[in-house]
Amino acid sequence: MQTRGLYRKTWAEIDLGAIAHNVSFYREHISQDKELMAVVKANGYGHGAVPVAKEALAAGATWLGVALLEEALEIREAGIDAPILQFGYCAEEGVPIAQKYRITISFNDVEALQRALPYIDQDAPELLFHLKLDTGMGRMGLSGEGELNRFISDYQQAKNKKVNVKWQGVYTHFATADEHDLSYTNNQQKIFQDYLALVKKANILVPYIHDANSAATAIFPEIVTTNLVRVGISMYGLHPSMGMKESFPFPLKPALSLHTRLSHVKQAKEGAGISYGVTYKTEQESWIGTLPIGYADGWSRGLSNQSYALIQGRRVKQVGRICMDQCMLLLDQYYPRDEKVTLIGRQGDQEISIDEVAQLLGTINYEISCRLHPRVPRIYYKYGERLPF
Ligand SMILES: *Cc1c(COP(=O)(O)O)cnc(C)c1O
């Protein structure tokens, strides 16, 4: 029985029109010959992987990117058959599953092909992989010409033995493309070019070459050697860093907003203690409102006594410690129970952005949407109309 959101009025709204807008802007921004991968890992950065994937594909994306094979399977189960690249680690036991569901996996080190060989199903569709090269991120990927040459020769041997495997892509990932100083990124690009030259020299035709995330795609839309870009954060309408906000080449529309309703309203006397530890006491007689959302929903306890909420277009302060399932507001006047409260998003001319919340927590916008717990229902809209997901 699907009851989430029925008896507790806390929900996230996802504007799929914003996703379409952001993907279309990227599509226009990059050259015609490049394909666009919509990165929908971590449940679409908390927005819901399947609805976002469908919208992004309709708006011009041709690939999907995920972190886990499990995430790719969820997308296949939803009936989406666009190409999917799984980044990062995948256990060898996943190889025949990847083949069966035509999911491309990543090979991240020089042994990856050798380890996969015993698991490759010769009768299934061929195992598709993209080779990840470490050019300076220091996380995953082959590094050094020696490793790459060894991988190339292992692959050629496997092909000679008619192993059911296909090298479909080569890629790398940037560590600092969202920063003002691009010298580190430029150096990563140079190393990547040198590696690509080795692959080319071996006469292996690899169809996809890619390196750019949201930030790099915004800055370098025309890099000629690549033919695919991987766009995550900015598809959701968020800037890859605060520093890129001013210089971004096109306007982004944030897709996610977070709302709840007052669950309790009371008049508290002067000096009344609010919540665990009584970290806040009313300075005068005050209206205190309770909200049915807390840190178990992803509304971090670290926001206690420093965040804001919007009610009837006005900004009010959150007071006292944020509890597991609830938190309190210092209201500027009486409001009835069930009055709508916005924690992320717009009311009238007031707005609380994900960036504002991230800054209060000393983190980045990526983490704020990802951490929204599944118990917060996601409700989908497009151009003001509610969609039946
Ligand atoms: C998450 C991820 C991306 C997307 O990065 P954004 O900064 O969100 O655009 C691209 N490539 C890889 C390998 C990733 O893991």
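Each residue, glycine too, has its Cβ placed from N, Cα and C.
According to TrEMBL, the feature active site, proton acceptor maps to Lys41, Tyr276. Taken from TrEMBL, the feature N6-(pyridoxal phosphate)lysine applies to Lys41. Here TrEMBL flags Arg139, Met324 as substrate binding site. Among the features that TrEMBL reports, domain 'Alanine racemase C-terminal' is placed at 255-381.
Sequence features, as recorded in TrEMBL, placed on the structure.
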{"residue": "Lys41", "record": "active site, proton acceptor", "DSSP class": "helix"}
{"residue": "Arg139", "record": "substrate binding site", "DSSP class": "coil"}
{"residue": "Tyr276", "record": "active site, proton acceptor", "DSSP class": "helix"}
{"residue": "Met324", "record": "substrate binding site", "DSSP class": "coil"}
Using DSSP, how many residues of the domain 'Alanine racemase C-terminal' (255-381) fall into helix, strand and coil, respectively?
22 helix, 51 strand, 54 coil
Neighbour-count leader, CB within 10 A, recorded positions: Lys41, Arg139:
Lys41
Roughly how many Å lie between the Cα atoms of Met324 (substrate binding site) and Tyr276 (active site, proton acceptor), rounded to a whole value?
11
Could you state the whole-number distance in Å separating the C-alpha atoms of Lys41 (active site, proton acceptor) and Tyr276 (active site, proton acceptor)?
36
Averaged pLDDT score, the domain 'Alanine racemase C-terminal' (255-381):
98
Distance between Tyr276 (active site, proton acceptor) and Arg139 (substrate binding site) at the Cα atoms, whole Å?
40
Tell me, how many other CB atoms lie within 10 A of the CB of Met324 (substrate binding site), whichever protein chain they belong to?
11
Test of understanding: give the count of other CB atoms lying within 10 angstroms of the CB of Tyr276 (active site, proton acceptor).
12
